[in-house]
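These come from TrEMBL:
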| type | residues | note |
| --- | --- | --- |
| TRANSMEM | 20-43 | transmembrane segment |
| TRANSMEM | 80-104 | transmembrane segment |
| TRANSMEM | 110-130 | transmembrane segment |
| TRANSMEM | 200-222 | transmembrane segment |
| TRANSMEM | 228-247 | transmembrane segment |
| TRANSMEM | 281-303 | transmembrane segment |
| TRANSMEM | 315-335 | transmembrane segment |
| TRANSMEM | 355-375 | transmembrane segment |
| TRANSMEM | 387-409 | transmembrane segment |
Amino acid sequence: MALEALLETTKSFLPDWPGWALDVLLIMTACLLVTMVLTHFYTPDDEKTEDAMNSSSTAKAASARATLHKEFDSFRRKYIAVYLVIMLADWMQGTHMYTLYLSYNVNVSALFLTGFLSGACFAPILGSFVDKFGRKNSCIIYCVLEIIINTLEHSQDFGVLLVGRVLGGVSTNLLFSAFESWMATEHRKRGFPEEWMSRTYSEASIGNGAMAILAGIVSQLLEDQFGHIGPFQGAIALTFLALLLVLPWEENYGEKQDDADHSLSHQFVEGWKTTLSNSHIWRIGMTQALSEGAMYTFVFMWVPTMLSMNPPGGLPTGCVFSAMMMAITIGGMVYPPLQSFFSNNLVSKEKAPELCASFVYFLAAVSMAVPALCLSKGTSVRGTFELVIVSFLVVECCVGLFMPVAGTLRSKYVPDALQGAILNIFRLPLNVVVVSGTYATDVLEAPIVFKLVSGCFLAASLLQGTFLLETKPVVDSKKKD
């Protein structure tokens, strides 16, 4: 009774949204707070081992280790600060792009499809550009492109918007290759231990979810003040801030600058040759394409699916979106202890990321099988709506989990010298899956689409599981340049 009274009192301070939506939001808020407390007091065993090493080593060695840790914390904060700013700007655009184009009365589908096709066309060559001309320079180009793109969004001319979407395909490839490539190479260049990199990926995933929640609020305030274009004006300011934060970064490249041949064509050929000849790399790429392609298809599906179920009181998309982003944040927080559990109880430390990834993809597959089964039986069955909501929250938690684990695996298997090239090659099959999934949402019934999404996650889980069958040790990617 006391708990119910507390919930009712809390709801009285919140907007007049449907009761079920407020319940979901409050439950996820409570789960997030509990997860924050538990993960704060839980120390993974690798960190305990590190503390033990410091205490048992000589004073000089312990001092050197402590200094290195301080340098790493400074480096991590510098990278995370830029990452959070650009992701906040990106989320602010994504949450309002559809409504902006709708207000312009233009062909929205054509614009979105142009962006995906542009990304697919430029992906194979952009990575080589990133490695050849520098990761920091590529990050700067991304910021400049985003400022230009968001400026073009002010125009209602379809041709101008189309140019913006073409440039958007280029900038998206840079977003998901240049920044990560810079971080991974710089991490190793400064001599930080490999296992510390997963902490950066985990914090990035947690921050990504937090920025998505913040973006929904900030975007709404800007839209209320300046109209549909408001969030894009805010994105311009944020991207300019990111540009200023990137400028002090040190530059790093793919191939060493004294190599006999480090031309753009050489980077391009070597990227493709390495990807196709190394089964570890192409399997990582296909796993990423299947899992992220399934994720993007789900993004297109969740709103129309929930609307089709006629939720009592309507669907407050902002409220549900915030709850889902909390699930992503929870996933990012749970990753370090989950991987530590696997490494201490089930597999070796070296195989823990592979097992963790396979488990997460399998869990996502199961969660997406739930709406496939529920919707095929009809939405009038009692409890269907609640089951679908829970399955949506579970798959978003899986997204928060596989962001850091996928990054850890990419840094493990993809060579530093070709990281930009290979990460963009990965985006080629990803864009194919996304375009296919987008098309499927228009022509197939919802239960069938969710079955396909579940199948993609299951295929990713099985493909990732093949790494666990290998006994031959993998040569570290940082040595393969």
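Glycine is treated like the rest: Cβ placed from N, Cα and C.
Highest Cβ pair count under 8 Å relative to the transmembrane segment (80-104), across stretches 110-130, 228-247, 315-335, 387-409: 228-247. Through the fold, the transmembrane segment (228-247) approaches residues 78, 81-82, 85-86, 88-90, 92-93, 95-96, 99-100, 103, 136, 139-140, 143-144, 146-147, 150-151, 153-154, 218-219, 222 of its own chain, all at least 6 residues removed from its boundaries and within a Cβ separation under 8 Å. Sequence-remote contacts of a segment are chain residues at least 6 beyond its ends whose Cβ falls under 8 Å from one of its Cβ atoms, and for the transmembrane segment (20-43) they are 7, 10-11, 14, 311-313, 315-316, 319-320, 322-323, 326-327, 329-330, 333-334, 336-337, 385, 389, 393.
For the transmembrane segment (281-303), the partner stretch with the highest count of Cβ pairs under 8 angstroms, out of 110-130, 200-222, 315-335, 355-375, 387-409, is 387-409. Long-range Cβ contacts of the transmembrane segment (110-130) within its own chain (Cβ-Cβ under 8 Å, at least 6 residues beyond either end) map to 101, 138, 161-162, 165-170, 172-174, 177-178, 181, 254, 264-265, 267-268, 271-272, 418-425, 427-428, 431-432, 434-435, 438.
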